[in-house]
Amino acid sequence: MEKNSFEKSYVLLFMVFVCYMSTASYIYVYSGMVLLTWVGFCLNSVIFEMSLILDMVSLSYGSVVILISMSVMVFSESYMSSEQYKSRFNWLVMLFVLSMNFMIFVPNLVTMLVGWDGLGLVSFALIIYYQSVKSVNAGMLTVLINRIGDVFLLVTIVFMINLGQWGFIFMESNKAMIVLYLSVVFAGMTKSAQIPFSSWLPAAMAAPTPVSALVHSSTLVTAGVYLLIRFFPLLDSLSFMKEFLFMVGSVTMMMAGVSAMYEYDMKKIVALSTLSQLGVMILSLGVGMVELAYYHLLTHAMFKALFFVCVGSVIHCYGGSQDVRNMGTLFFCMPVTSVCMGISVLSLCGSPFLAGFYSKDLIIEMIMVSNFSIISLVFLVLGTFFTIFYSMKFLCCLFWNSSSAQKFYYSSDGSFYNLISMGILVVGSIFGGWYLSWLSFNFRSVLFLSSGMKNFIFMLTVFAFMVMLVKKDFYMVEGIMSVWVNSMWFMVPMSTQMVMGFPLSSSISLYKVFDHGWNEWLGPSGVFNYAGKMSSKFQSFQFNTVVVFLFFIMFMGTSSVMIM
């Protein structure tokens, strides 16, 4: 019965994908935009309506989300086959897809908040699916940081009351609405895990691998970038806002790249690579290349979902182990998975004619030939350098690290469902960039570059591969450097221990001083002790009958004298 529920899910998603692609073809042919509005009721000046926007941005993004969701559900058919609560997992994933579509197709911030909040709540339920202490801690960190973004989105809604509407499609740029624009930027930063809100993304890898492939590679984490892309026509006139986005994206890209070079957990390496590519998208927005940022968002979603699916197959093959130091000789035991993983990693590096090449290489070339600061080019080149090096480290550990390889639990590429899922995503990872470059992102600019600049990424990839083959353990680091790198430049303690340390220590001190101190002494404990002492005095006074008799005689005599 639960198996049929998975089948119904990916069949339904396939039908939705066909519908989205058909609508996108219609919109592409007529080069327009369709805005559908349903009016619920009108009462004086109060209008309750529901709007949907159908343009190439929403339809292409929605199609990619549905395609990846369908592939992940096919992959879950085998990966989650031994789980007890498969039906619950299926419903949670479908609710996540529904929330994602709410956020994509609704041009109204109040209604978008339903999808925005739905993404956070459902992702929390998916992260704590395994119901362990690690999963609960990761889920709480994720949901609390994402609630910060929800607060910023609520602030945006409050400030839009001054405009008399909550729709953002036909808004005009106004430099007086600085707080509104800052709220939008910070909301997008929290959802896309930009510095200083980056610590939740690696922690969210406690979720099942299909969840990581769908939620934490291509959909949830890119929701913040999508929000900034929608609001970019309003942010474009504010130069300081773009400079801020550029700095945030650059630092996030550098931090994620350095941390990934010294990480050993497979899923966290992929999560940090996702964080690095999100930094590339934010950096592209900071230099005004909004179309290239969206282009990279779509291509990255395809090859990163493939990367996660391949990693899930490898983890399943090794019996749950995620340490790359204990792996090796993967190509001989899982050849199809190895080829698919190689394609995804090379696409991540920007190797020629793969999906990542068409977007990432174009971003680098545009910054090279444009009149941007040399700092932007240096940051992007360094980020690309780190990306290529940790990608080659990952491949060398999996394919050629035979000395410390663990024993396989089985030597196979997995079930038929695994191959179907990887096959769908491989097509997108190879041909997705080419397809989008001809249809949706037809750049007419002619770029004049030297052969050295044009072949820069390819030569850097070959150099990194040779370095990793010669010295595989160069990423070993010890001492304070290890703490700095492995904690994501101290982002993890600053988001957890340092934030909660002072309130917890203060609460303990206040608890001892007030609850067990003055409040107890002046309150119930003090009253009880005082009443006990007084009652003991009265009790001893009552039991001493001679004293009571003499006291009574003295009292009566005194009273008689006073009366006379």
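Yeah, the Cβs are placed from backbone N, Cα and C, and that goes for glycine too.
Residues annotated as domain 'NADH:quinone oxidoreductase/Mrp antiporter transmembrane' in TrEMBL: 108-387. For 390-563, the entry in TrEMBL reads domain 'NADH dehydrogenase subunit 5 C-terminal'. What TrEMBL records for 12-39, 89-107, 113-130, 177-201, 244-262, 269-295, 301-318, 330-354, 374-395, 416-436, 482-504, 541-563 (among others) is transmembrane segment.
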Using a Cβ cut-off under 8 Å, which residues of the same chain at least 6 positions beyond either end of the transmembrane segment (330-354) come close to it?
273, 277, 299, 303-304, 306-307, 309-311, 313-314, 317, 360-361, 364, 384, 387-388, 391-392, 394-395, 398-399, 408, 411-414, 418-419, 422, 425-426, 429-430, 433-434, 457-458, 461
Annotated stretches the transmembrane segment (301-318) and the transmembrane segment (416-436) touching (3 or more Cβ pairs under 8 Å)
yes
Is it true that the transmembrane segment (269-295) and the transmembrane segment (12-39) have 3 or more Cβ pairs under 8 Å, skipping pairs fewer than 6 apart in sequence?
no
Take the C-beta pairs under 8 A between the transmembrane segment (113-130) and each of 12-39, 89-107, 177-201, 244-262. Which stretch has the highest count?
89-107
Positions whose Cβ lies under 8 angstroms from the transmembrane segment (12-39), at least six residues beyond its ends:
47-56, 59-60, 62-63, 66-67, 69-70, 73, 97, 107, 169, 439-440
Please compute the mean pLDDT of the model over the domain 'NADH dehydrogenase subunit 5 C-terminal' (390-563).
68
